Structure formats: C-alpha cells, structure tokens
Ligand SMILES: Nc1ncnc2c1ncn2[C@@H]1O[C@H](COP(=O)(O)OP(=O)(O)OP(=O)(O)O)[C@@H](O)[C@H]1O
C-alpha cells in the first residue's frame, strides 16, 4: 500500500477503502503504476533549462513583481500620513495630495498587474506548449515496446494533464516566490524603520509557518501522486472502454465498464479529498499562527504607544504591514505545498522523458536511397523485453529481390514478430537482419522505413479525408498520383461514390468505410509509397470471402515487382508464393513452395486442411518416419486421418481441379484496371468447366500454381525459376495464351503502382520436385517477348548458377540450399536454408 493510503487512513480519509482501493494505491494489480519518486530540487533543476527561451520576459516579469510590493508599501505608508498628518491634527490641506497619490498608485498597480498577468500567462503557456510538443516528439520516437507495455490512456493523461503542472513548478513557482520575497523584504524594512523592537517580535511566529508547511507538504505530495496516478488510470479505462465500445455493447458489459470507471474515479476522489483535507487543515493552523503573532505584536505595541514610543498612525500601519507580511510568509507555505503537489506530475513526465527508445538510431548511418530489396535473416533470435521466452530462434533465410515469400504457422508462432523486426520496432537479441547487405541497425530509421512498407493486420487509417489517408504514404503526392494509386488499389470506384469523393472524411478509424474498403485504402497508401520491400501481415484478416476476393487482386498489383513478405494463416493468400516458410514455436520447420510443403510438411498440411476441409493433403510425397528428406517416400495408408501427419490422399495432379489456387483464380473476375493512363491486366479468366484459367490447359494447373500468380505478378516479372525452366525444357511449345500484360507498361517517373521489376533470383527447386513437376505449360515465346518488351532494358534475369546457391554468411554458421527437399521430417531440426 502506498504512503498516501497510509496517510489517508491515518487522517481518516479513506472510509471506503476496499480491495479496489488497495489496487489503486499502487498495488500489484494497478492499471497504472506510480512514477519513481524525485526530490523537488532535482525536478526543478531538470526543467529549469527549458525556460531559456523566455528568460528575457521572465526578468521583466520579475521586475514587475518587485514594483508591485514597493507600491503596496508606499500605499500603506500613505495611510500613516493620513492618520498622523490629516486625521489626528484635523488638518485637511494634505488630503488632496494623499488622495492623488492613492489614485496614482492604484492606476499604476492596475497597469502593472495587467502587464504582469498577461506576460506571465504568455510565458507559462509557451513553456507548456514547448514542453508538451517536446514530450510528444519524444513519445513518437519511443519504440513499439513502450506502447505495448503502457496504457495509452495514461500516456495521454501525462501528455495533457501532467505537463501543465511543471509550469507551476518552474515558472509560476519562481515568480510567486520572488514576489513573496520582495513583499517580505519591503514590509520588513518598513516595520524595522517604524519600530525595530516590534519588528523583531513579529518574526517570532515566522519559523512556525515554515515548520507547519514542511509537515504538510510531504503528505500533500503523497496524495497528489496518487491523484495523478488515478488520473492516468481514469483516462486509460475511458480510452480502452470507449475504444472498444462495440465489444462492450455486444457483450452487454456496459455496467462492468461503468464500475471500472467509477472505481478509478473513486480512487481519484479519495486522493483528492486527502489532499484537500490536508490543504484545508493547513489554512486554520497558519491563521492560528498568524493571529498569535499579531496579538503578540499588538500587546507590545500598546505598551510602546502608552510610553509614546510609537504614534497611533505608526501602530496602525505597523499592524497593517504585519498582516501584509504574514500573507507572503504563509503564502510560502502554500506555495511549498503546491510545488510538492506539482512535483507528483513532474515525476510522471520525467519518467516518460527518461524512457529511451528500444531501438537506437546509428550515429553514423549507412546511406540507402532505394534498396534492390534483398532481405536476409541471419540466425535471428528474439525475446520480448521483460520476458525470457525466445519468440524467434535461429531464423536464417534470404529473400531475393522481388521474391514473394510467405510466412505461415500457427497462432503465436512468431510471424508478426518477424515483421516487427523487419521494421525495427525491435532489434534481434542475436543475429541480424540485412537489407541489401546492410544490417538494419546501420541504416537510419527513415531510410529503412522508406524502403519497407507494411500493410498491417489491423487497417489503420486516420480521421481525415480519403485523399489525406492515401497521401500519408507520400506527403508530396499530387492529386493525380492519389487517383492513380486508388485506381490500382481498386478503390477508385467506391471512393468516387462517396459524397465528396476523395475529399470525404472517413471518420475516426475509418468507420465510414467497410473493412474491405479500408484495406484497399491501405493498399493505395502502400502503392503510393512505392517502396521496394513490402510486408503484408494477415492482409485479409477480418474480411469476408467477397471482400477478400476484392482485395486480393489489388494486393497482387501492389506486390508486383517488390520483395514481399506475406504473413498469413489464410493459405489462400500465400499458396502462390515463391517460397513459404513454416514457422513453429519461433523456428522455421519447413520451407518450400505450396506444392512442396503440402503433404510433406505436417504443420503446413494440417493448416491447409484446416482451411480447406474438403482438400486432403497432397499425397505424392508424404514423409514417412525414417524417410530421408528429399526422397519421395512410401505414403501412409490411404485411410490415415487427415488431421494428423502423414496424410494420404489420391494424387493431387489428377484430382485437384478445385485447388486453392484454382478456386482463387476462379473467384477473381477478369477485370482490366486502368491507372495512370494505362490498363493493368485482369487475372486469367478461369474456365467454368474445369476451373482452369484461360490460356492454360487443365494439366497446367494440376498441382502447380504459377497460373494465377503470373497474373498478379504480371509484367513478365515472374522469374524463370528452375521449376519453370524444367517444365519449359521438357515440354513442346504451345500456342501463346492471351497476353495479360500490356507491352507498353512501364513505370512512371513519379508514381508507379507497378514498380520497376527487379531481377529476381530464387532458391532452386529441389531436384526431386523438379522431376515430379506437372507444369507443362511454359510461358509461350510470344508472351515472354511481350512481357520482356514491357520493360525495355529490364529483362527478367534468369537465375544463374551463382544465384541458385546463395551461400549464407561466411562465418560458417550457415549453409545454402542443398538442392535437397527443404522439408524436414516431423520433429526434426528445421532446415532453414541458410541455417545449419
Ligand atoms: N509485446 C509482446 N510482449 C511479449 N510477448 C509478446 C508480445 N507480442 C507477442 N508476444 C508473444 O510472442 C509470440 C509470437 O507472437 P506473434 O504475434 O509474433 O505471433 P503470430 O505468429 O503473428 O500470431 P498470430 O498469427 O496469432 O498473429 C506469442 O507467444 C506472443 O504471446
């Protein structure tokens, strides 16, 4: 239990204390923890440099605060003249002069007060503005981990509520303290001038004020700390609850949420009452001290008056000075209390400012303008801060420029964590990730993030116009570029139908749009960013089948020519990847194309079956216990359960006319897309009878997946992998299918939704699969010609023998592909390409 609760209890201020109160007092279950304690002096020292821009105005303000007490002293002295020289002798000749002096002083005081008030508020507000912006900028630079560990509402509360308190500590506090000091100095001087014995007596009570203030201030600070902490909790509960209002209402949990909110408010109320009680108690105690001091002085003064050592006017003025003096002396006590109270807020700000970003910008970053897009994971290991569980272990893999790699695996396998490392939201604990051979830690964060674009699981949009949201990907994008991006993202249609088209505000979190529309908006934003590396994290999560279909084609356009890492449970979106990595418990346990993994990798097969209950696993090469990877072992009994590995089923090639990809092809309407003044190809029209995309024969699709992907990859940029080549070599040419890519398609200088394709090198096909390939439809020469012609001077680079085997790092820790099947046996140590 925190000190405040103890105080509250001792002061009898916590009558409703219960379990919730215990938690609120800083116990283990608190929503928001109290910030570490700091001395007022060190807080002051910390923020004093922030006043540098305002020092000139502060000095002026201090001068004004010195003139004020001087005028007050003169004003009181005029009262003595009035009594002793006008009233007592009944001589009214001086009265007009005294009255004029009073008027002049009042006018001058008014002018000074106005100037002082205006200037001090200006300085204070500017100070708060600067500090708040600095704090916000600091928070913006903090790593994702900070936001994952802390309540957003509490961060908001610090940013809005606590910042202001520092102004009262550093500026107002100093101003008031100096003003009090001037008042005390002037009044004391006048009192000593009038009668030094009385003046000495007057100061007997002064130490009492300071002791009293000291006793109270510590307790008030404790209460204030609790109050500020509760304020953070209140905002946190409100933010969380209102942010999830749909969930709250759907589950009928409104009352529960109100209870939570009330609980935090009650805690704040108790802390407030504790502070108020202490502050309210301070006032009568300080009045008591003041009265004792005044009575003591008056007693002595009457004695002095009786002995004619002071005039009546002198006595009255002395008492007037005395009461004026006790004001600033007890004011010091109050000021002390409020400084302690403000320091509770300052501690919360300092706690944030002291938070270092988890990922550090390199001091001398290696420049990277536009990467070719080669991404390499080298023995990457990672655990989240504050945990000891390794979320990723020994991840080694190379993604060649322009390749599309899918990462699949069960929930919690570490897929999203990989993307977080790619964006440097975190750094690996061991190993490294490189982009174009440069360690991500050597790149500036802006270079890295300009080259790597993420389309995240949750489609994040701002409450702005549609155009604003697309322009978020490229701040200086023209309207034409925005429209082109929207067209390429298949979003132009729905945007045009909105009341104000591109100028329509989409509401907080894009509530005016459907999930699919938001996702297409996110694709347009990623398109306009036009970076060479793309991360898609569960791009179709939360979308229904129709929306998924609608999103997939623009997604393909987005991926075209970029190095893409797709994360998905939904194998529909990954089956056409060049390589699929299967992640299990943070380790790559399988690697290959869909065809290679299906039926061979137990986890992948199981996942596939979960998503396609009508499709048993591929039977060709199930790995039986003891079978060596790379061979096609004898399959298990045909009646083996489909949910466990090994799986047996009729031959894929013959039966799979409704494979995921084929169905995928079928559901994608062959719509040409026009953007930036040119047509983008529709996907191949699926045959209604066989489910085979137009231009391919049925055999071409059985068991092989290049048909539809080639539409998505378009531009002829799809690499001539070993698999394709093998098929091409063994198969006589067939008539060319309808071309899907306009020959004149080429990137534009400003924005190119279909960016410059990069020569791609892909890991070679394992020999065993190459020999099994059923892909008999090589790209017809005419089509290839057209495709290549679409990028004059940028031919697709066939993988050279050098590319086929990309050695890993030279430290001997890794090795490249061996040409063996990459799928390990169940339970076997993962074969991870570059990893031993
Ligand atoms: N911020 C975090 N702090 C601590 N642990 C975390 C954090 N984020 C994720 N984890 C843990 O890391 C592991 C991997 O999480 P990750 O989100 O990468 O999984 P995933 O494969 O993407 O799962 P899903 O498919 O369900 O999104 C999980 O065990 C998760 O509990």
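These residue numbers are counts, starting from 1, taken along the chain as shown.
Using N, Cα and C of the backbone, Cβ positions are placed for all residues, glycine too.
Residues or ranges marked as compositional bias 'Low complexity' in TrEMBL: 14-23.
The annotation compositional bias 'Pro residues' is assigned in TrEMBL to 754-766.
Positions annotated as domain 'ABC transmembrane type-1' by TrEMBL: 59-341.
Feature annotation from TrEMBL assigns domain 'ABC transporter' to 375-610.
Summarising the annotation, TrEMBL assigns region 'Disordered' to 1-26 (among others).
If you look up TrEMBL, you'll see 611-836 (among others) marked as region 'Disordered'.
Within the same chain, residues 94-95, 98, 101-102, 105, 108-109, 112-113, 115-116, 119-120, 123, 175, 178-179, 182-183, 185-187, 189-190, 311, 313-314, 316-317, 320-321, 324 sit at least 6 positions outside the transmembrane segment (59-82) and bring their C-beta atoms closer than 8 Å to a C-beta of that stretch. According to TrEMBL, the transmembrane segment annotation covers 59-82 (among others).
What TrEMBL records for 94-112 (among others) is transmembrane segment.
Under the heading transmembrane segment, TrEMBL lists 168-192 (among others).
Marked as transmembrane segment by TrEMBL: 198-217 (among others).
Taken from TrEMBL, the feature transmembrane segment applies to 280-303 (among others).
Of the Cβ pairs linking the transmembrane segment (168-192) with the transmembrane segment (94-112) and spaced 6 or more residues apart, fewer than 3 are under 8 Å, so the two regions do not touch. Residues belonging to the domain 'ABC transporter' (375-610) score a mean pLDDT of 85 in the model. Using a Cβ-Cβ cut-off under 8 Å and counting only residues 6 or more beyond its ends in the same chain, the transmembrane segment (94-112) has close neighbours at 64, 67-68, 71-72, 74-75, 78, 81-82, 85-86.
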